[in-house]
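Per TrEMBL, the features are as follows:
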{"type": "TRANSMEM", "residues": "45-68", "note": "transmembrane segment"}
{"type": "TRANSMEM", "residues": "99-118", "note": "transmembrane segment"}
{"type": "TRANSMEM", "residues": "138-156", "note": "transmembrane segment"}
{"type": "TRANSMEM", "residues": "163-181", "note": "transmembrane segment"}
{"type": "TRANSMEM", "residues": "193-219", "note": "transmembrane segment"}
{"type": "TRANSMEM", "residues": "231-256", "note": "transmembrane segment"}
{"type": "TRANSMEM", "residues": "268-289", "note": "transmembrane segment"}
{"type": "REGION", "residues": "304-323", "note": "region 'Disordered'"}
{"type": "REGION", "residues": "330-350", "note": "region 'Disordered'"}
Amino acid sequence: MSDESGPFNLVAATASSASPTGTPANRHHHKPKIASIENQLLSDLLGYSGIILTSILALLFLIRHYLFEAWLFPRFYRRTWTKMDAETQRGFTNHHIGMGIKLFTLLVGAYPWVRILFGNADFQTPMSKHSSVSMGDLLLILTQLFCSMYIFELLFRSKLSPIAVAHHIGAILIGQTGTVLSLDLNHQQDATIEFMLCLVWGAFDVLAELWPNVAIILYRVYNDNHYFLMNVFLGTCLITICGTVAETIMIGVLLAQSWSRWELAFKIVTPILHIVFSMAQLHGSRILYSLYLSQKRKVAEAENRMMDPEADGQARNKKMDDKDDQITSYPLADLSESSPPRTAKTDKSSAVRITQVDGVVGESSTAAAATKSSFLGWFTKPL
């Protein structure tokens, strides 16, 4: 038989090359992106991570000190800003810093985030056709910006709960670890998929904490509009809960798709870290729900006062009567040395008039005596 290739041999060879087991590229064709992406360097700028982080922190100080506190807030929040104490002003400023960083991160990082997680791009793919900036370069800068946000809050805020401190420190360490693992690709076989999971964590963390920033700012500015704040806190609480559930589902799917690629240490640590961060987010949702209940009670009290103005007036009169009894219950022993000590509970109107005119809280025995003598003198005054 001849060894020359005929048409049947050509068809067989073509079918073999198109089969799922033909080449590595075809074997990975139907696999999820996180299970098939190659381990690669995140960015050529990794050696400059320190200067990037330092520059961002210095920029945040300039924005906070010279733009927000020295110029913008005293003019834009004129009435609100001047009524705050120093501690409240720090928290108010921090919420604006956090909100601005989160919005910038979402707007700038959305394109490379989607392309790398679900598209055909990797960390070395240019941002545009003729761009020298890769998607990994931009994601590295945004990761440093994300970490600087929590570093700034830890250093700037005067009071933080232990859960917030643990969350912020954990987020900083995980973000920095995810960036530097790709410096040693020979020993860190799961560096790329670890950073991809960090991208998912970071995106949902930004989305989960953006709305509480907005809610607290609105709470400081419109603190008398209880109905509006009630809806704001309820909506924010529901959004954060839904975000935590969606994040858990997405992380679970990605872990299941890439489980065979993970080392044993990451198989243990990664689910634990996700549970801890989810609990921190649910703790924030619980605080938002308590704020919602507080505003709801205030709305109910206001509605009750509007529905029953007579009862509201009686309650106010009762408070005034109790206050008057307190004012006129001082001993009047100096009126007569022979009479026993007693309390004045009948001359409330005179006491109230004296208090209003003289501006004195309470009535002394001398004032009571003067009141009584002037009252008797009114009858004995000649016509």
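Each residue, glycine too, has its Cβ placed from N, Cα and C.
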Dominant neighbour of the transmembrane segment (231-256) in 138-156, 163-181, 193-219, 268-289, by Cβ pairs under 8 Å: 193-219
Long-range neighbours of the transmembrane segment (268-289), counting only residues six or more past its ends (CB under 8 A): 163-164, 166-167, 170-171, 174, 197, 201, 205, 208-209, 212, 215, 233-234, 236-237, 240-241, 243-244, 247-248, 251, 255, 262
Seg_contact(the transmembrane segment (99-118), the transmembrane segment (163-181)) with at least 3 CB pairs under 8 angstroms, min sep 6: no
